[in-house]
Amino acid sequence: MLLIAGLGNPGAKYQSNRHNIGFMAVDAIHRRHSFSPWSKKFKAEIAEGELGGEKVLLIKPQTFMNLSGEAVGEAMRFYKLEPSHLVVIYDELDLVAGKARLKTGGGHGGHNGIKSIDAHVGREYRRLRLGIGHPGAKELVHNHVLGDFAKVDRDWLELLFDSLADNVDMLVRGEDSQLMNKIALALGGKSEDDAPKPEKKAPAAKSHIHQARNHSQPKIPETGPMAEMLKRMFGKKDN
């Protein structure tokens, strides 16, 4: 069994926040595949399904971000899961908006949701970090992460969620590098195999929106599940 946890804060007030991109990603997976309706258990919203022949539990902790580990830990203890059976999806300030990185273990990097999960289940689980960009100054971080995505972000969000939902079977099979390549190509960039290493940090003077723009980005579909989800978040897309 694989537990996929998306992090965020509960309630309509926070639903479009950058800090809630983990919730949005798990919602995208739920919409694309045959999962049960959301129900409440483990201080969370959960949905059960099957991906790639393996049972999968989607979970959105309803404890607020800083206590995410309470919900995730309770679910893992109930199902007797090891950290290797957990994937956590969350926002990453230090990645350009639209970028994704997946690794096992590591530190919390100042993310309070991850800090809480580390305390409850240990560190050796997979972490799928989704870039939201850095505002450029430390004093701007709080308002940035708890601010809503702008309408201009809608294009790359749709591409990101579509690619993740389409290829989530790779996550179940442990094909992490292949999944990262699929997401990178969908966002109009190079595959991770072709990307220069180490990754260069974006200049601090540029906004996260500016960093996310890519002149070779593919045409965005106007219909489909992701389009409908984002319409509800941002309203009707401007032409």
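FYI, residue positions are counted from 1 along the chain as it appears here.
Placed from the backbone N, Cα and C atoms, the Cβ positions cover glycine too.
The site 'Discriminates between blocked and unblocked aminoacyl-tRNA' annotation in TrEMBL covers N9. Listed in sequence order, N17, H19, N20, F64, M65 are the same-chain residues six or more apart from N9 (site 'Discriminates between blocked and unblocked aminoacyl-tRNA') with CB atoms under 8 A from its CB.
The annotation tRNA binding site is assigned in TrEMBL to Y14, F64, N66, N112. Less than 8 angstroms from the CB of Y14 (tRNA binding site) sit G8, N20, L146, each of them six or more residues away in the same chain.
Annotation source TrEMBL lists active site, proton acceptor at H19.
According to TrEMBL, the site 'Stabilizes the basic form of H active site to accept a proton' annotation covers D91. In the three-state DSSP scheme, D91 (site 'Stabilizes the basic form of H active site to accept a proton') is classed as strand. Around the Cβ of D91 (site 'Stabilizes the basic form of H active site to accept a proton'), the same chain contributes L7, R18, H19, N20, I21, G22, H111, R129, L130, G131, I132, V145, each under 8 angstroms and 6 or more positions distant in sequence.
If you look up TrEMBL, you'll see 189-226 marked as region 'Disordered'.
TrEMBL lists 190-202 with the feature compositional bias 'Basic and acidic residues'.
Summarising the environment of N66 (tRNA binding site), the number of other Cβ atoms within 10 Å of its Cβ, over all protein chains shown, is 13. Among the residues Y14, F64, N66, N112 said to bind tRNA, no two Cα atoms are farther apart than 16 Å.
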